[in-house]
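Notes for the one structure printed next.
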Amino acid sequence: AWYVPCLASLETLQELCRKENLTCKSIGITNRSLKSYEVEYLCDYKVEEGKAYYLVKWKGWPESSNTWEPRKHLNCPLLLQNFLRDKKEYLSRVREGKALKVRNHVKALKPAIADYIVKKAKQRIALQRWKEELNRKKNHKAMILVENTVDLEGPPLDFYYINEYKPAPGINVLNGITTGCECADCPAEKCCPKEAGFILAYNKHKKLKIQPGLPIYECNSYCRCGPDCPNRIVQKGTPYSLCIFRTNNGRGWGVKTLQKIKTNSFVMEYVGEVITSEEAERRGQLYDNQGNTYLFDLDYDSDEFTVDAARYGNVSHFVNHSCDPNLQVFNVFIDNLDLRLPRIALFSTRTIKAGEELTFDYQMKGSIDLTSDSAEGLSPSKKRIRTVCKCGAVCCRGYLN
């Protein structure tokens, strides 16, 4: 399904809800805000007759209802702190690192400063709502945080969070598997990996023990073993709390871990729309012109299908490329044994510290590293605009594709 963003402004929706006596938590209209006044953020500042006043945006009320309130009427220390911090941040950027002298007796803010403070407040609210939406939609226990201390960019307008593949019409990502292992204690002689001709992918500590290029066969929904089976890792979802953050070097959004991740640990799954390679080629031309890279070829057995995470995806949508990554790609089979449609799992290649950015090599296709040299061998019709790499690694190849 294609979603169409609402064309009505937040202010229009708030006025409509208030007029019709309706509540809508997502735009700040609750039973409480219908009957009372709560400060949503502070917009401006002035001094009149020796008294300090703040322009208040009331939660659940349109901006046309903003009022000037004396400082003594405000019981919102955090919002006051945000206001002063945003003011200082704006002045710091304007002065480009010069010594900052903030006067304490300013009688009125310049319009540009007030405008920045309002935009920053709106961004803070939008990112908070986005964080809440992401955590409502995710199917794992770990938290997802959102952070932007770099610019005024808000949530992406055309991105929809999903937890599993979204197949295009005519593509079946579940092949109707009707059997599973009979193990009372996995792994046994006839456990899922061994039945597929491979070894169990995990050790007793639930860490990966196989080499890149080998597939992972996990126990499925028909297996006799329970949820604590040591061969059920990827299907449980991301076990670490992660933060989608704004990078400060022009790479857009990125993802960092909020917890230490040990070597060979499952971190996240790469999901999106499953489309044909022909459709991927068409979209790829468009994405290259936009400087975006979201296509992941499912080429474990063939190159028939591609995962497109541009509009539909999970946290992995925001993971940046690196020529020296800390995540490695593995093909996983659980409830679908179709070799053309593996699930894509990202595992840590080394210990990753809390606060460190997560990255993987965009040129990794399963076990195949499609280098820039091999890309030169493509036919002219398939050659695309080369995207400059900004990963900053010592071994950087210079381009994403």
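Heads up, the Cβ atoms here are built off N, Cα and C, so glycines get one too.
Positions annotated as domain 'Chromo' by TrEMBL: 37-95.
The annotation domain 'Pre-SET' is assigned in TrEMBL to 179-237.
The Zn(2+) 1 binding site feature in TrEMBL is assigned to Cys181, Cys183, Cys186, Cys191. Cys181 (Zn(2+) 1 binding site) is surrounded by 24 other CB atoms, counting those within 10 A of its CB over all protein chains shown.
Taken from TrEMBL, the feature Zn(2+) 2 binding site applies to Cys181, Cys192, Cys219, Cys223. Around Cys219 (Zn(2+) 2 binding site), the C-beta neighbours below 8 angstroms that are at least 6 residues distant in the chain are Gly180, Cys181, Cys183, Cys186, Cys191, Cys192, Cys225, Cys229, Asn231, Arg232, Ile334.
Positions annotated as domain 'SET' by TrEMBL: 240-363.
The Cβ of Cys391 (Zn(2+) 4 binding site) lies under 8 Å from the Cβ of Asn320, His321, Ser322, Cys323, Asp324, Thr359, each of these being in the same chain and 6 or more residues away along the sequence. The Zn(2+) 4 binding site feature in TrEMBL is assigned to Cys323, Cys389, Cys391, Cys396.
The domain 'Post-SET' feature in TrEMBL is assigned to 385-401. With DSSP states grouped into helix (H, G, I), strand (E, B) and coil, the domain 'Post-SET' (385-401) comes out at 0 helix, 2 strand, 15 coil.
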Positions on the same chain near the domain 'Post-SET' (385-401), where near means CB under 8 A and six or more residues out:
249-251, 288-289, 291, 293, 320-324, 359, 362-363, 371-372, 375
Could you tell me which of these binding-site residues, Cys183, Cys192, Cys389, Cys396, has the fewest other Cβ atoms within 10 Å of its Cβ?
Cys396
State the Cα to Cα distance, in Å, between Cys223 (Zn(2+) 2 binding site) and Cys396 (Zn(2+) 4 binding site), rounded to an integer.
44
Site with most surrounding Cβ atoms, counting all protein chains shown within 10 Å, from the binding-site residues Cys186, Cys323:
Cys186
Ten-angstrom check, please: count other Cβ atoms within 10 Å of the Cβ of Cys191 (Zn(2+) 1 binding site), all chains counted.
23
